[in-house]
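Enquirer: If you scroll down you'll find the structure; I have some questions about it.
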Amino acid sequence: MSQFDRIHLVVLDSVGIGAAPDANDFVNAGVPDGASDTLGHISKTVGLAVPNMAKIGLGNIPRPQALKTVPAEESPSGYATKLQEVSLGKDTMTGHWEIMGLNITEPFDTFWNGFPEDIITKIEDFSGRKVIREANKPYSGTAVIDDFGPRQMETGELIIYTSADPVLQIAAHEDIIPLEELYRICEYARSITMERPALLGRIIARPYVGEPGNFTRTANRHDYAVSPFEDTVLNKLDQAGIDTYAVGKINDIFNGSGINHDMGHNKSNSHGIDTLIKTMGLSEFEKGFSFTNLVDFDALYGHRRDSHGYRDCLHEFDERLPEIISAMRDKDLLLITADHGNDPTYAGTDHTREYIPLLAYSPSFTGNGLIPVGHFADISATVADNFGVDTAMIGESFLQDLV
């Protein structure tokens, strides 16, 4: 019999808690990640007040130096620890796939200087359209259409850009490049990015409408992803007939594999929390697993190195955490974690190789304290242990520690 009827996993995208032991093997603008510390540096430089996460035990997580403005609790309401990544990457897909039990020994490719000319020219030759070279770099999805949408409307050129993750995105005005044509071009781009030196996790069609100065991305986005190379714990749950709910970009990250209820993309963290609470309230969701990604920390503030915005975003989540807890049932387990770091005080604009925090709370807990420091995949091993399914490639359950 399951210890918990439902487990809700919430990933605070990029909220790392200090450099991992191998952080110096990863770099940002030529600077090794060894001094990165997302939560620590935010707390130290701009202050961090997250009393609800602190109550569960955020300030109790072992660190070389305590979080400056997040005190340890004498008697926390839950359990806490930090987890180390073993996979050879620090991107979103690698982090999430490892959380669900995979060891990624061949990381996806990212393109901080834009895609190589041979990929761009292949897409041009296939599509019969030129590509705007100035857009070919990591770019905000809204900024790139503001900057190059007017030119696309005049010339019909393609807007191709990337991000910190292993993705190639093509933005196209629906009145200039019809959806079916955009999708066909994306399918071709997918076909030429399936192996090194350009092994990409996703190709994303990003259609938009409107006039210069008032462009709006539409709901006709389409992702061309790759599925995990082996079954994850999501697949094990699905195969056992256990409900799996995805909130935010989780469905995209796993290409729908192992997910039987996709609750849609988030417009913002707040919208994602609304969707999670709605999901938790579904009468038919009696037993199973929900998996939520809240990306604003990373997308809006980490990459932009905006410490104040990142702090405020953490405050907003913490203020809404009681609503999530109120939506829990007696035999629910809430797990709050991250997928990598993105220290807004650090060099460069890329993710940082860090430990991730783990907070565990249930109304049924009679104990509290620290869980031994482990690895990302311990989360999925615990989920598997609870529901009586097999683990994936890696991971050790800490279910026995939650009492």
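For all residues, glycine too, the Cβ spot is worked out from N, Cα and C.
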Enquirer: Which single residue out of HIS222, HIS261, HIS351, HIS375 does Swiss-Prot record at the Mn(2+) 2 site shared with ASP298, HIS303?
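Expert: It is HIS351, as the record lists it for that site.
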Enquirer: Quick check: of ASP5, ASP13, which does Swiss-Prot put in the same Mn(2+) 1 site as ASP339, HIS340?
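Expert: Record check against Swiss-Prot: Mn(2+) 1 site with ASP339, HIS340, extra candidate from ASP5, ASP13 is ASP13.
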Enquirer: I need the CA-to-CA distance for HIS351 (Mn(2+) 2 binding site) versus HIS340 (Mn(2+) 1 binding site), whole Å please.
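Expert: Here the two Cα atoms lie 7 Å apart.
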Enquirer: Within 10 Å of the Cβ of ASP13 (Mn(2+) 1 binding site), how many other Cβ atoms can be counted across all chains shown?
Expert: 23
Enquirer: Quick one: pull the CA-CA distance for ASP339 (Mn(2+) 1 binding site) versus ASP298 (Mn(2+) 2 binding site), whole Å only.
Expert: 10
Enquirer: Can you tell me how many other Cβ atoms are located within 10 Å of the Cβ belonging to HIS351 (Mn(2+) 2 binding site)?
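Expert: Excluding its own Cβ, the number within 10 Å is 32.
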Enquirer: I'd like the number of other C-beta atoms within 10 A of the C-beta of ASP298 (Mn(2+) 2 binding site), please.
Expert: 30
